Amino acid sequence: RCVEVFYIYFHAGRVEEPYVSITKKRQMPKDGYSEEIEKEVGQAEGKLCTHRSAFSRASVIQAFLGSAPQLTLQLYICVLQQEITAARSVFMVLSLLSIVYGALRCNILAIKIKYDDYDISVKPAAYLCIFMWRSLEIATRVTVLVLFSSVLQIWTLPVVLVNFFSFFFYPWILFWQSKSPFPENIEKALSRVGTTIVLCLLTFLYAGINMFCWSAVQVKLNDPDLINKSQNWYRLTVYYILRFIENAFLLLMWYIYKTDIYLYVCAPLLVLQLLIGYCMAVLFMLVFYQFCHPCKKLFSSSISEAFLSCFKFLCFICKAPRPTVLTNKAEVKPPENTDETWSSSKTIDSQKGNPYQSVSSNA
């Protein structure tokens, strides 16, 4: 692909192309109106766009299936050896930048896939918010996993497997619940077995991304494009709430079972810093979706409203229900004449005070 890209780039414009294609894109709505723009795309430009999309997807695969395990392993070795060499620190920084770049490309791909009909321009402020959001989220997540695995090695594999298989089977569970037919239009040359392998590899990558951070591209197997194009704020909120609880629990286990290698580490301060760092990542995410998202005008509801409604729903669930006693309406029905009620109650009280009073005196 690299050789073909350079060949197309240096030979573009020298020979007249036999045909061009016309693309139609809509602008972002301004004052409630959206204009449609037609643009001619040459054959060379179309091929370059195809290669650029392939490079973006490859960077995502390389980031989460290559750099993320590498960063975790290198940091784990540094913690056990209590030493960070210059070469290892350089490799860890490069791995972290690779993961952040892959997550950033994943966000941009999700935006372009969901809003393919619009002409999208991402501003530098949006890139900065995504970079800070992903950097803090991935750095804190990797640090939490390394700290936990350094003191409870036997429980590391169950935690990783539960996380991985939960996200791996989640798209398949939704697909089986929808009772949709098996997707056959992914690639015409693929058989049913080949299609199953491709879908398994796609969900494998999806699970690998969600192990370390929120996957902006949500897999939907019953969709022709295999991508969920709707913006589900509730799923996003539930993910970050559960991930925060999991990180706090893993840090608590590390704090309880920490060994002598952390003798010169202020454990409470480190726990507080990691939790605050994760909260800062969520804050940058909120800023991005609320102010810097290139398609925020197309949202049916803002991220702040979605988070507020989700928190209200969670508070409603957590609130203990009040006990209710079912009584007969005839028993609780108040009498119509309150004076008679008062006199009858007074008569009953007087009878209780004098038990020898006759019934005739009540009249």
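Note: Cβ is positioned from N, Cα and C throughout, glycine not excepted.
Summarising the annotation, TrEMBL assigns compositional bias 'Polar residues' to 340-363.
Positions annotated as region 'Disordered' by TrEMBL: 329-363.
Counting same-chain residues at least six beyond the ends of the transmembrane segment (86-104), those with a Cβ under 8 angstroms from any Cβ of the stretch are 59-64, 66-68, 70-71, 74-75, 77-78, 127, 130-131, 134-135, 138-139, 142, 209, 212-213, 216. As annotated by TrEMBL, transmembrane segment applies to 86-104 (among others).
Taken from TrEMBL, the feature transmembrane segment applies to 154-175 (among others). Beyond the ends of the transmembrane segment (154-175), by six or more residues, the same chain brings 145, 148, 203-204, 206-208, 210-211, 219-222, 250, 253 to within a C-beta distance below 8 angstroms of the stretch.
Per TrEMBL, transmembrane segment is recorded for 196-217 (among others).
Taken from TrEMBL, the feature transmembrane segment applies to 237-257 (among others). Residues 140-141, 144-145, 147-148, 150-152, 155, 159, 210, 214, 267-268, 271, 274-275, 278-279, 282, 285, 306-307, 310-311, 314 of the same chain lie 6 or more positions beyond the ends of the transmembrane segment (237-257) yet place their CB under 8 Å from a CB of it.
According to TrEMBL, the feature transmembrane segment maps to 269-291 (among others).
Nonlocal intrachain contacts for the transmembrane segment (196-217), taken as residues 6+ away from its ends with a CB within less than 8 angstroms of a stretch CB, comprise 60-61, 64-65, 68, 99, 103, 106-107, 109-111, 113, 134, 137-138, 141-142, 160, 163-169, 171-172, 183, 186-187, 190, 226-227, 236, 239-240, 285.
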